[in-house]
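First up is the structure itself, then whatever we jot down about it.
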Amino acid sequence: MRDSLLIKAAFSEQTERPPVWMMRQAGRFMKEYWDIKNKYSFLEMCKTPEIAADVTMLPVDLLGIDGAILFSDILVTGEAMGGDLSFNAGVGPLFANPVRTQADVDALRTDVLDKLQYVGDAIKVIQQRLAGRIPLIGFAGAPFTVMSYLVEGGSSKDFKRTKLMLHNEPEMAHQLLSKIATVTADYLNMQIAAGVNAVQIFDSWAQALAWDDYKEFSHRYIAEIISKLNRKDIPVISFCKGSSVFAPLMAEAKPDVISIDWNVDLLDIKKRLPAGIAVQGNLDPHILYADKKVIKERIYRLFDRMKGENGFIFNLGHGIMPDIPFDNVKYAVEVIKEYRN
Ligand code: CP3
């Protein structure tokens, strides 16, 4: 896998074209996903290695992307620590026992790898199916983003309770974040031992934080996790919404790749990062709703801007929305695979 387009680009080596994968590439925009989803709950899908492998393989077989991503969710760490997790159509993830007091924080377990063994098992099945064709990306949620679900009890627009805990009870917040960080580092090392070829850390809601708070409550724990990873030949990708602002700080945690949102010119931000850090991104996912002519123009605009740059992986600035036409996603991958640097 070291010679694959994705891993070479992640290590800032030259490739004949940018590799492509997309966040949420296995999901509700695909009819084939619904064929499986209609039979099982989302957590059953994640926890049954054969089914997780079937779903992981959908975009490999139907889209021809350059990297597979493990089918799972960032919230499985919170569940393993003691969160009572469910996913409900139209509502999203719910933790029935939110973490709001010191006693709640104290009750969370950190020795939980046995509870996540199904992920290691899924990775082994997926690697058999991939048979060396393309790399497999493992992932985990960043402590701040996972904390937000544990504290709010589900999705949130303003993260009011989470931010109140950071501001009013910083010591308790640090204990919670530190517990999640310990579990996350162990969990990603378990995924690496099971055979993933790259890992991505998702800090989806970091953009809710002020600069100082990002530094104190998010960045610091991501840096701790990255420093603990057994990363020989395994690139580490750091994603956050808000990376157009936080990227220079994210670089200090020493990831191999920073995944960039669509609010910034990708070349400009790459030039502001230390040499040797690759960028991933940064098409606005809404472009995939547009006419094919527009999709092609915008991909070429991005690629021509990045021409000659080593260390560029195509992705969206965030995940594919469930109602994006499958045909448009397939078309985008075709356009990208025809491009030559
Ligand atoms: O990218 C992939 O194809 C791999 C699988 C993957 C899922 N979730 C599957 C999923 C990955 C990498 C994730 C990460 C994840 N989960 C994040 C970080 C990425 C991001 O989008 O910022 C977050 C914040 C979550 C939490 C989560 N899981 C939410 C908020 C929801 C519900 C709302 C939504 O956007 O779907 C989920 C459920 C979920 N995770 C689904 C899928 C395919 C939908 C489940 C269904 O079919 O109902």
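These residue numbers are counts, starting from 1, taken along the chain as shown.
Glycine residues also receive a Cβ, built from the backbone N, Cα and C atoms like all the rest.
The DSSP breakdown of the domain 'Uroporphyrinogen decarboxylase (URO-D)' (19-28) into helical (H, G, I), extended (E, B) and coil residues amounts to 0 helix, 1 strand, 9 coil. The domain 'Uroporphyrinogen decarboxylase (URO-D)' feature in TrEMBL is assigned to 19-28 (among others).
Here TrEMBL flags Arg24, Gln25, Ala26, Gly27, Arg28, Asp73, Tyr149, Ser204, His318 as substrate binding site. For Asp73 (site 'Transition state stabilizer'), the Cβ neighbour count at a 10 Å cut-off comes to 19, with all displayed protein chains included.
What TrEMBL lists as site 'Transition state stabilizer' is Asp73. DSSP gives Asp73 (site 'Transition state stabilizer') a coil state; it is part of no helix or strand.
Sequence-remote contacts of a segment are chain residues at least 6 beyond its ends whose Cβ falls under 8 Å from one of its Cβ atoms, and for the domain 'Uroporphyrinogen decarboxylase (URO-D)' (137-153) they are 21, 67-70, 72, 74-75, 77-78, 83, 93-96, 98-100, 123, 159, 161-162, 165, 173, 176-178, 180-181, 184, 187-188, 191-192, 196-206, 208-209, 217-218, 221-222, 225, 237, 240. Feature annotation from TrEMBL assigns domain 'Uroporphyrinogen decarboxylase (URO-D)' to 137-153 (among others).
Cβ neighbours within 10 Å of His318 (substrate binding site), excluding its own Cβ and spanning all shown chains: 21.
Looking at the domain 'Uroporphyrinogen decarboxylase (URO-D)' (137-153) alone, the prediction's average pLDDT is 98. Sorting each residue of the domain 'Uroporphyrinogen decarboxylase (URO-D)' (137-153) by its DSSP state yields 10 helix, 5 strand, 2 coil. Shown are the binding-site residues Arg24, Arg28; of these, the residue with the fewest other Cβ atoms within 10 Å is Arg28.
Ala26 (substrate binding site) sits 12 Å from Asp73 (site 'Transition state stabilizer'), counting Cα to Cα.
The maximal spread of the substrate binding site, taken as the longest Cα to Cα distance among Arg24, Gln25, Ala26, Gly27, Arg28, Asp73, Tyr149, Ser204, His318, is 23 Å. Arg28 (substrate binding site) sits 14 Å from Asp73 (site 'Transition state stabilizer'), taking the CA atoms of both as reference points.
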